[in-house]
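Trainee: Dropping a structure here in structure tokens format, bear with me for questions.
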Amino acid sequence: MTFDRSIKIAPSILSADFANFGEEIRAIEAQGADWVHVDVMDGHFVPNLTFGPPAVKAFRPHVKTVMDVHLMIAPVDPYIDAYAEAGADILTAHIEAGPHTHRTLQAIRGAGMKAGVALNPGTPADAVEHLLDLTDLICVMTVNPGFGGQKFIDMTAKVRRLREMIGDRPVHIEIDGGVDPTTAPLVVEAGADALVAGSAVFKGGSVGNPDVYGDNIRAIRAAAEGARKAA
Ligand code: DX5
Ligand code: ZN
């Protein structure tokens, strides 16, 4: 994975057909997805449950781009090796998931993955000040994590602050929650480059009608790139 700040669209398979992940992943990639975002929830850190390492491992052969695994679990450290073994390219842990995010990020890199840190809406940008050299991606949550299809919470001031703090470091700013063609320009203008979108990509489409996924991805990308040019 090489670093650049071009716009990346990362569909969240939380909004896919859970009985058909392989085909869904192939469909979104064929329709222009840059990364595949995988939301892991434990029913403890967040009030919802999705899947664990064996399922993520089963997704791996279908992902030809980048498998971006977002852990909404606590604790994180006992599972890092399992997600490395499952084939995650990026492994993101929440800063709120435990007291030792510094150690967690080192362990994720040590296991050969890119290390991401996610911030809930209530967590300030400054929380990552001393982690910037240990991280490859900062995920700014624009919903409270746990469910797809929630309303976007405006975190543009936080994104702007992070963009300043990051400076020239090769660190992605990812936005997760409520991203669609109307909200994408706000966060891109503030400095984001990776956009997770669940409902806005999958709505109206299916593996039998995948062109809709392509239309949805192109609409988000066009809105985001328009904001980038204007910035
Ligand atoms: C929320 C997840 C998101 C979610 C986004 O807890 O981390 O990745 O799937 O879904 P939308 O785009 O529908 O808000
Ligand atoms: Zn996510």
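Note that the numbers count up from 1, one per residue, in the order the chain is shown.
Heads up, the Cβ atoms here are built off N, Cα and C, so glycines get one too.
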Trainee: Using only what TrEMBL says about substrate binding by Ser12, Gly146, Phe147, Gly148, Gly149, Asp176, Gly177, Gly178, Gly198, Ser199, identify which of His70, His94 is listed for that site too.
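Mentor: Candidate in the recorded substrate site: His70.
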Trainee: List the other residues in this chain whose Cβ sits within 8 Å of the Cβ centroid of the divalent metal cation site residues His37, Asp39, His70, Asp176, in sequence order.
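Mentor: Filtered neighbour residues, in order: Ala10, Ser12, Leu14, Val38, Asp68, Val69, Thr92, Cys139, Val196, Gly198.
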Trainee: Between Gly148, Gly178, which of the binding-site residues has its C-beta surrounded by the fewest other C-beta atoms within 10 Å?
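Mentor: Across Gly148, Gly178, these binding-site residues, the one with fewest Cβ atoms within 10 Å is Gly148.
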Trainee: Filter the binding-site residues Asp39, Gly146, Gly178 down to those with CB closer than 6 A to an atom of ligand 2; keep them in sequence order.
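Mentor: The binding-site residues passing the 6 Å Cβ test are Asp39.
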